[in-house]
């Protein structure tokens, strides 16, 4: 059963859309259940000034995307990187076990958007400093994250 917050973010998602001139874009997906999320960020003075998402998936996928963008908006890049999968689920009042992969995808899409921002701005040293090299490697190979262990679709 979903919490009232999940229903609210599903029925009234915040920050839906695309930023055409995004400073960073992160896309992740789960081939098991078909969820696909893209998060776009606009950064000014090391702070996420604007953030949007496009998600194709279930109610939990849309709600977690909405919540992750709400949590990240206005935060510094470093603060946004601290937004965890569990924090997204907790902010929504919890998720059923079989939907936890959605919070994983939302947090990972945000992290990928930040890695993309660093890459586009020649800050590869920052990616290494923050231990995000594996994320960059997956992005460069075009790999999607698979959180199938959480998905019972």
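Glycine residues also receive a Cβ, built from the backbone N, Cα and C atoms like all the rest.
According to Swiss-Prot, the protein carries these features:
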type	residues	note
BINDING	33, 58, 101, 102	[2Fe-2S] cluster binding site
Counting across all protein chains present, how many other Cβ atoms fall within 10 Å of the Cβ of residue 58 ([2Fe-2S] cluster binding site)?
16
In three-state DSSP terms, the structure that residue 58 ([2Fe-2S] cluster binding site) belongs to:
coil
